[in-house]
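Q: Annotated domain 'Helicase ATP-binding' per Swiss-Prot: 42-204, in sequence order. The feature ATP binding site is assigned by Swiss-Prot to His55, Glu56, Thr57, Gly58, Val59, Gly60, Lys61, Thr62, with sequence analysis given as support. Annotation source Swiss-Prot lists motif 'DEXH box' at 141-144. What Swiss-Prot lists as domain 'Helicase C-terminal' is 367-532. Sequence annotations record features per position, and here Swiss-Prot assigns region 'Binding to the cap-specific mRNA (nucleoside-2'-O-)-methyltransferase' to 457-524 based on similarity to another entry.
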Amino acid sequence: MSKSHAAYIDYALRRTTNMPVEMMGSDVVRLKDYQHFVARVFLGLDSMHSLLLFHETGVGKTMTTVYILKHLKDIYTNWAIILLVKKALIEDPWMNTILRYAPEITKDCIFINYDDQNFRNKFFTNIKTINSKSRICVIIDECHNFISKSLIKEDGKIRPTRSVYNFLSKTIALKNHKMICLSATPIVNSVQEFTMLVNLLRPGSLQHQSLFENKRLVDEKELVSKLGGLCSYIVNNEFSIFDDVEGSASFAKKTVLMRYVNMSKKQEEIYQKAKLAEIKTGISSFRILRRMATTFTFDSFPERQNRDPGEYAQEIATLYNDFKNSLRNREFSKSALDTFKKGELLKGDASAADISLFTELKEKSVKFIDVCLGILASHGKCLVFEPFVNQSGIEILLLYFKVFGISNIEFSSRTKDTRIKAVAEFNQESNTNGECIKTCVFSSSGGEGISFFSINDIFILDMTWNEASLRQIVGRAIRLNSHVLTPPERRYVNVHFIMARLSNGMPTVDEDLFEIIQSKSKEFVQLFRVFKHTSLEWIHANEKDFSPIDNESGWKTLVSRAIDLSSKKNITNKLIEGTNIWYSNSNRLMSINRGFKGVDGRVYDVDGNYLHDMPDNPVIKIHDGKLIYIF
């Protein structure tokens with residue numbers, strides 16, 4: 001049915017031929033062609049009630065949305081605009097962009113942050129105040145967070161945000177309102193998020209059905225056929241976060257480096273104690289204590305079970321202060337720092353004070369030592385992602401930075417009042433090479449909504465639970481024209497994943513999380529392909545054989561058809577002759593996978609999904625006694 005969708009897209013574009021490509025307020029900006037295209041379609045089809053902007057970080061989805069909001073009155077007189085956003089993103093980018101390019105809509109805007117404990121009450125209170133003659137346009141920024149907060153908990157409890165989700169899914173189309181969802185990573189943790197998002201945009205279209213069988217989509221064609229026009233898809237980098245990507249005129253080159261570091265004996269000792277503590281307390285599935293132990297360890301492991309919280313907190317504070325005091329008036333000499341900046345380690349002729357300090361710091365954290373050495377050897381500015389703030393996280397890392405003489409800013413929950421200004425200073429043209437501020441260390445607070453310019457190295461100290469979060473992190477530094485001020489030879493970003501290892505070869509929590517991420521991505525890649533093939537851009541570019549229409553009366557019927565996956569049309573069982581193989585998508589063998597090569601030369605993954613044909617002259621490497629095909 002994509003031909004039918006193409007006819008409506010064509011109709012919308014014909015209706016909006018004269019829509020200006022510039023947006024003017026106190027400043028003027030000219031929209032990119034892809035921004036103007038999606039705005040014209042969404043505004044040109046009044047009965048297109050909802051749309052997902054699946055745009056990668058840095059391509060201007062906020063700007064696109066503000067342009068749409070500015071032109072809502074081209075199709076109806078009275079609008080109330082409700083923006084559901086994270087609190088940290090209200091001022092920048094949303095308010096700043098609106099005031100700069102569309103100040104006239106400010107009076108119509110209602111901002112509600114969905115991470116507020118009273119979000120549900122505030123939302124419905126505001127809904128009641130809206131004039132009945134007004135149409136509503138709802139914007140959900142970083143909609144994957146909103147969806148996550150709307151999922152029913154494993155224990156069956158319904159989250160407060162779910163009532164807002166239900167209201168929007170029932171009301172938007174019924175009352176002729178409009179809704180735009182924005183995300184660079186619309187699916188983060190589970191396939192259920194895809195179902196939730198689809199039913200928010202197209203209510204009732206995807207009932208409780210199993211989307212996958214043996215990790216393969218049951219009927220991709222049915223999904224694509226029924227969900228045409230669901231989204232706008234602007235994703236220039238479709239590679240895995242673990243793949244290298246060549247640079248272009250607008251985007252910096254990305255190179256991924258896996259930095260494996262062997263934990264010190266002290267760290268291994270504390271790591272094993274952390275593992276036992278997780279088992280005793282029943283939190284081993286979260287791996288929090290082990291993740292912290294791979295990052296930094298005090299001289300002892302503070303037990304938390306069956307203890308007064310105040311007493312436990314006091315012990316942590318004492319351990320922190322003891323470590324901080326041990327570094328008082330200590331720092332590396334200029335000679336040592338010059339050695340580190342060359343990418344070298346201390347030699348035998350180094351001072352006893354430098355060697356002693358380095359040894360003490362490494363015993364407690366090989367990761368922090370590795371990061372500091374990497375930063376000093378970097379030719380430009382650096383980002384460091386550390387999800388933990390207190391105890392063994394950023395608070396400790398900053399002590400290491402001080403000893404190594406690394407200038408820095410912090411973007412975390414501890415710096416809410418100063419972090420936006422600090423990032424602005426970090427991004428200044430005068431700091432392009434990191435002369436004033438070398439590094440920004442950020443927690444999960446910095447994973448969304450902010451931009452960094454002229455970054456050359458990103459160090460990821462702790463694996464997240466999903467690839468989407470890693471994309472958000474890396475996407476902060478590789479954005480459209482983010483390196484325009486950087487010298488041509490430094491328009492690159494090295495992404496360093498720092499992975500801790502045990503001396504006995506057993507997998508660590510870092511390696512466990514790496515495997516979890518790869519397992520999830522197999523299903524997500526297929527769902528992202530559905531988004532791509534149902535997008536306005538894909539349909540407009542690939543469906544040309546349609547009969548033009550002169551009204552939009554059939555759009556609602558077209559997009560209201562239920563999806564039926566019961567027939568499982570594309571699931572076929574077939575026995576194929578061939579041989580088992582090992583393959584990797586990286587020349588550096590960052591991940592090695594089991595696969596299968598049929599006698600016809602077709603290559604499949606371990607679940608039977610076709611990957612591609614075997615090249616005539618494949619690249620093969622030998623690793624641990626295995627022949628590894630490089631694809």
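Cβ coordinates come from backbone N, Cα and C, glycine included.
Please situate the listed features within the shown structure.
A: Counting only same-chain residues six or more apart in sequence, the Cβ atoms lying under 8 angstroms from the Cβ of Lys61 (ATP binding site) belong to Leu53, His55, Leu182, Ala184, Ile234. For the recorded site, Lys61 (ATP binding site), the DSSP three-state label reads helix.
Assigned with DSSP, the residues of the motif 'DEXH box' (141-144) fall into helix, strand and coil as follows: 2 helix, 0 strand, 2 coil.
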Q: Please list the DSSP helix, strand and coil residue counts for the region 'Binding to the cap-specific mRNA (nucleoside-2'-O-)-methyltransferase' (457-524).
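A: When I sort the residues of the region 'Binding to the cap-specific mRNA (nucleoside-2'-O-)-methyltransferase' (457-524) into the three classes, I find 28 helix, 14 strand, 26 coil.
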Q: Other than His55, Glu56, Thr57, Gly58, Val59, Gly60, Lys61, Thr62 themselves, what residues in this chain have Cβ atoms within 8 Å of the centroid of the ATP site's Cβ atoms?
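A: Near the ATP site, beyond His55, Glu56, Thr57, Gly58, Val59, Gly60, Lys61, Thr62, sit Ala184, Ile234, Arg479, Leu480.
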Q: Does Thr57 (ATP binding site) have same-chain partners at least 6 apart in sequence with Cβ under 8 Å from its own Cβ, and which are they?
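A: Expected: Ala184, Arg471, Gln472, Gly475, Arg476, Ile478, Arg479.
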Q: Average the per-residue pLDDT over the domain 'Helicase C-terminal' (367-532) and send me the rounded value.
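A: Overall, the domain 'Helicase C-terminal' (367-532) comes to a mean pLDDT of 91.
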Q: With an 8 Å cut-off on Cβ-Cβ distance and a minimum sequence separation of at least 6, pull the same-chain contacts of Thr62 (ATP binding site), or say none.
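A: In sequence order, Pro93, Trp94, Thr97, Asp141, Leu182 meet the Cβ cut-off.
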